[in-house]
Each structure stands twice: as C-alpha cells, then as structure tokens.
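Database features (Swiss-Prot):
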BINDING   HIS266, HIS427  Zn(2+) binding site
ACT_SITE  GLU334  active site, proton acceptor
ACT_SITE  HIS335  active site, proton acceptor
Amino acid sequence: MTHKVKIHRLSDLSAEQRNKLLQRTESNLDNFIDIVKPIIENVKLNGDKALSEYAKKFDKAEVSTDQIQVTQAEFDEAFTLVDEEVIQTLSYSIDNIKKFHEAQMPEEMWMKQIRPGCYAGDRFTPINAVACYIPRGKGSFPSVAIMTAVPAIVAGVPTAIIITPPGTDGKVDAATLVVAKLVGIDKVFKCGGAQGIAAVAYGTNTVPKCDKVVGPGSPFVVAAKKLLADIIHPGTPAGPSEAIVLADDTANPKLAALDLLVEAEHGPDSSAFLVTNSKELAEQAQVAINEYWQHMDRLRVDFSSTVLSGDNGGIVLTSTFEEAVDFCNDYAAEHLLILSKSPFDHLGKIINAGEILLGENTPISIANYTLGPNAVLPTSMAAKTASPLSVFDYLKSCSIGYLTREGYEELAPHTYRFAKYEGFDAHANAVSHLRDEAIKSEKKIK
C-alpha cells in the first residue's frame, strides 16, 4: 500500500499556513490541563492510594500501595528477562553517555581575581533530589532511563530516583530496571503520567518529594509539569519527538528518507520534516519513504504516515537553501540533521536546534542511543532559549566572593557612591567610616 507524503511548497503558503507548519501537536495544553488538575489534587490529598487507583484506571495494572516501589526481587528478575546481548548494548551505551557527561562536568569551584585583592567565582553542588521520568505509552524506553539517570549519577545527586508507568502486568519494563541497576539507581517507582509528576512534587508515604523532575512525556505529563512548576522544577521542556532533516542538492535522497522516518515513527503526535531546496531530491525522497515503509512494522508505518501526510510533517520545499535554513531556525527543532557533502559549511548557519548532527554517517538513531550527547532535548521551539539535558540540569551554582583589605579599599568608594545614588543608606554605611570604626572597636575589645 502506498502512503502519501505531503510536499509543502513554502513559496505557495500563506503566512497562516506557514505558521501552522511551525506549530507542534502539544502547543495547546488547555484541554490536558483541565483533565490533569483533579489528578494532581487527588495525589496531593491521598498519596499512594491515588497512585494505586490511577495505575488501575490508566495503566490497567493492579498495583497495591505496598507494590509501588520496585523490589530487589523485581530487579533480579529483570536481568533474567532481558537478553544478554541487549544487556551488553545497554552497558555500551551507558559507557558512552557517561564519558560525555563526565567531560561536561565543571570544576567544583573556580575563582578569578577581578581587581587586586578582589576574588570572585562559582561553586557547583548537586541538586538534592531529582526524579527521572521514563515514559512507556508507545513502547519501552530504557534509552531515556540512560539519558536521564547517567548525568544524575555523574553530577552526584544524593537522591536520584526513577518514576515510570507500570505495564498491564503491574511491572516496570525489564530493560529500564536493568539500566537503573547498571547506572546505580535502586529506587524505582511504578507511577507515570500526571499522577507520577504529582507524586514527586508533593511526596507520598512511598515516593520521596523531589526538587526537580527530568525526562520527556505525553501532553498530560507536560501539563502536570506546567501546573506544578512552582512546587517542583519541571526540567527541560520535552514533549513529543520532532526532527528536521536539512538537505542540500548534494545529499542522498534515500538517506534523507531513512533519517526522516526515525522521529516520525515515535507516534502520531510527532513532527518530522525534510527541508530542502532541491525539487529532484524531494521527489526522490518521497518515493524512497514508501519503499522503506515496506521494512517497518505496521504500527510504526501508521504512526509515521500520519505524521508525514499532515501539517506536522512531510517535505518542505524552498526556493533557495538560505530559505531552507531560515525555516529551520524558525522551527527550532529538537533534532536537526544536516545532509550534505560539506555539512560543516552549513553548521554555522543553524542557531536554533536541540542538537545538530552532521553528515550521512551520523543518523539521528545513533544520537538517540549511543553517540554520547544527551538525547533528551528541548521541544516545541524551546531550543530557541533552552539547551539539551546535561549535568548542569542536576547541578546548581553558588557565587563565591572574597576580598582582602586591599580589595575592600579598591571597591568600597565606588560601592559607597552607588549606594548613595540609589538611596540605600545601610548599603552605604556598610562601606563607610562606620565599618572602619567597627573593626577598630573589635580590636580594642580583644
């Protein structure tokens, strides 16, 4: 069966139609927020009991209040359920992700001499408690467990936990449990969706209250994070998957088709565009996509064909390559792959993207699993202001200052004038003769 891949000719679109291409499926959260509000309130009031009820209602799982936390026996069982080769691949991925994030770690403290005797710097300490949210709705995602848990451990977070929806059997995905153990997290809880976010925001008898939650999720999860942002830090905005493959006229259309399908297969709420100024490449890629659908599971074909036939996906054909670049920067994609014989020539032109992958040997799928950089990336245009998940999401910095007497005498006169100009007498007094007198009086007492 041949599926339609929509070609959007940018020059033929009105401003309204162009803006529609830039919108994401989760842009309007109003309906989700109305659904999520009572769920949050129920968890706040009833804790574990509410989590057990929602496991049955939403996950079709029987999870009693004393089964919310994964047991050691469940961890042990997970290793018997996952193929040894898969465990080796999980370990391989963890090693690569760990190396990247270890290289990303800043010095614990640095100080610079600003003026003679004036020293200032930063000191980094880990956030006390962070929850890693691992989605499950459209499959199992041990890769997300790796991407969220590894930097937590590298950063030294004292309380790092995983929350994830249970399957219909009341158990957590086995590969996710294997990852948790390999990484060094032994606290995993069976609570997903908005109820999981509420649980770590308020804490329950079983689930610890956390300072921050990281990880992607459904619009229900995104809505819950938005509503609870004053109580728990919601982390990098990470909604449904999205990608752009930017291809010039030197690119291989079959590779463009292969890589376009990577993010499109995540679900019907994904967004995926091939953006090019080459009509020939666009048409050849359109044919190739239908060929590659023959090698995919029916469910993934349904997901990706839905995406590529609507306004959230397909092929964007521009008049010039510069126009293609402009569209990419306006879109600010989660993933952006540049296909060109000279990808580095185009790298500097891209200013808005969660990640930029270069060339035909760097497919999005490798970046998602084994390359090293974090694959939890800003979505919904957040890449215009936000960054990929990193060790810095698990750290907080505190400014450090120290003055010698020489440094104090250097800065005090300027500080005094500043304070008097702004009308702060106590500020001015603290750097006036009153300070010198206070120091002298202390010496006399001693």
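Backbone N, Cα and C define each Cβ position, glycine as well.
Under DSSP, HIS266 (Zn(2+) binding site) is assigned to coil, being neither helix nor strand in the three-state scheme. You'll find the Cα of HIS266 (Zn(2+) binding site) roughly 13 Å from the Cα of GLU334 (active site, proton acceptor). Considering other CB atoms within 10 Å as the measure, the emptiest surroundings among the recorded positions HIS266, GLU334, HIS335, HIS427 are those of HIS427.
Here the CA atom of HIS427 (Zn(2+) binding site) lies 46 Å from the CA atom of GLU334 (active site, proton acceptor).
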